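Per Swiss-Prot, the features are as follows:
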| type | residues | note |
| --- | --- | --- |
| TOPO_DOM | 1-26 | topological domain 'Extracellular' |
| CARBOHYD | ASN5 | N-linked glycosylation site |
| TRANSMEM | 27-49 | transmembrane segment |
| TOPO_DOM | 50-57 | topological domain 'Cytoplasmic' |
| TRANSMEM | 58-79 | transmembrane segment |
| TOPO_DOM | 80-100 | topological domain 'Extracellular' |
| TRANSMEM | 101-120 | transmembrane segment |
| TOPO_DOM | 121-139 | topological domain 'Cytoplasmic' |
| TRANSMEM | 140-164 | transmembrane segment |
| TOPO_DOM | 165-205 | topological domain 'Extracellular' |
| TRANSMEM | 206-226 | transmembrane segment |
| TOPO_DOM | 227-239 | topological domain 'Cytoplasmic' |
| TRANSMEM | 240-260 | transmembrane segment |
| TOPO_DOM | 261-271 | topological domain 'Extracellular' |
| TRANSMEM | 272-292 | transmembrane segment |
| TOPO_DOM | 293-312 | topological domain 'Cytoplasmic' |
Amino acid sequence: MASGNCTTPTTFILSGLTDNPGLQMPLFMVFLAIYTITLLTNLGLIALISIDLQLQTPMYIFLQNLSFTDAVYSTVITPKMLATFLEETKTISYVGCILQYFSFVLLTVRECLLLAVMAYDRYAAICKPLLYPAIMTKAVCWRLVKGLYSLAFLNFLVHTSGLLKLSFCSSNVVNHFFCDNSPLFQISSSSTALNELLVFIFGSLFVMSSIITILISYVFIILTVVRIRSKERKYKAFSTCTSHLMAVSLFHGTIVFMYFQPANNFSLDKDKIMSLFYTVVIPMLNPLIYSWRNKEVKDALHRAIATAVLFH
């Protein structure tokens with residue numbers, strides 16, 4: 001972690017979102033509200049799926065895992081960002097910075113792949129309804145979930161081996177509100193060519209495989225749905241996919257825009273805004289998107305409220 005007489009810094013300084021004193025407290029209140037909503041909605045959805053037997057289906061098992069990922073994702077980033085609005089020095093320890101970055105990488109890949117698995121689940125449910133119970137058993141669901149963790153952890157190990165070899169002699173100021181790869185690479189005093197190559201290769205592998213899986217799944221879904229004669233069945237099929245497509249568009253659209261743009265178009269200020277969107281805003285939106293028009297979730301919520309009122 002050191003090169004020559006270079007000593008690895010014990011702390012990094014995060015520049016944060018803004019250095020305007022007049023914006024610090026308003027932004028703190030806004031993002032505190034967003035974080036609170038994120039935790040309440042995601043943890044609430046996890047609890048609801050856990051206690052309601054009618055939601056013990058593959059689709060909701062995956063949704064429960066998505067909510068868990070979003071809750072942890074937001075917790076990895078937001079509390080430290082909130083602290084930067086209140087602190088003058090805005091420091092983060094070297095170990096804290098590395099752990100934050102690796103957690104971020106792990107959760108990003110996991111969510112990326114989980115959205116692809118959810119698309120396949122919808123394909124199996126709509127295109128192969130008779131075989132669906134045999135294709136998507138609970139055992140298969142949990143094996144897929146464990147597989148996602150394994151792939152995400154593999155990506156984590158690759159980035160770990162690369163980042164821990166970098167030295168930071170010239171500067172410890174990270175021009176961001178959290179420890180992401182681009183601002184860390186910028187202040188590294190050693191070559192980051194291999195790190196950048198690994199980010200591109202593994203990022204392309206996971207993101208493109210996820211996008212291709214989603215696109216193929218939805219091509220077959222659309223071809224199946226247009227052949228359905230019943231308007232009610234057709235509406236139900238489309239409605240189960242709309243929320244997932246919205247979540248996919250938000251997450252993958254932001255990731256592709258950020259990490260696959262030409263180098264001459266890159267801007268750290270623009271990168272901060274896009275990072276803010278998918279690390280803070282999207283985890284809040286996902287449970288709202290999946291619950292907004294979902295009759296089964298609404299019915300489960302009504303049952304839970306009725307049960308709580310009855311026993312009190």
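Glycine residues also receive a Cβ, built from the backbone N, Cα and C atoms like all the rest.
Highest Cβ contact count with the transmembrane segment (27-49) among the listed stretches 101-120, 140-164, 206-226, 240-260, 272-292 falls to 272-292 (criterion: pairs under 8 Å). Sequence-distant contacts of the transmembrane segment (58-79) (same chain, at least 6 residues past either end, Cβ-Cβ under 8 Å): 31, 34-35, 38-39, 41-43, 45-46, 49-50, 100, 103-104, 107-108, 110-111, 114-115, 117-118, 121-122, 125, 136-138, 140-142, 145, 177-178, 240, 247, 279-280, 282-284, 286-287, 290, 296. When Cβ-Cβ distances below 8 Å are used as the criterion, the topological domain 'Extracellular' (165-205) is approached by residues 1-3, 6-9, 11-17, 77, 80-81, 84, 92, 97-98, 100-101, 104, 155, 158-159, 259-260, 266, 268, 271-272, 275-276, 279 of the same chain, each at least six residues removed from its ends.
Contacts between the transmembrane segment (206-226) and the transmembrane segment (101-120): present, as 3 or more C-beta pairs lie under 8 angstroms, all at sequence separation of six or more.
Per-residue pLDDT, averaged across the topological domain 'Cytoplasmic' (121-139), gives 92. Note on the topological domain 'Cytoplasmic' (227-239): residues 126, 221, 293 of its chain, located 6 or more positions outside it, place their CB under 8 angstroms from a CB of the stretch. Counting residues 6+ beyond its ends, the transmembrane segment (240-260) has Cβ neighbours under 8 Å at 59, 66, 108, 111-112, 115, 118-119, 122, 125-126, 199-200, 203-204, 207, 210-211, 214, 218, 221, 271, 274-275, 277-278, 282, 285-286, 289-290, 292-294 in the same chain.
Non-local neighbours of the topological domain 'Cytoplasmic' (50-57) in the same chain are 64, 138, 296-297, 299-300, 303-304; each lies 6+ residues outside the stretch with a CB under 8 Å from one of its CB atoms. Across the topological domain 'Cytoplasmic' (227-239), DSSP classifies residues as 9 helix, 0 strand, 4 coil. Counting only same-chain residues 6+ beyond the ends of the topological domain 'Cytoplasmic' (293-312), those with a CB under 8 A from a CB of the stretch are 45, 48-49, 51-52, 54-55, 60, 239, 242-243.
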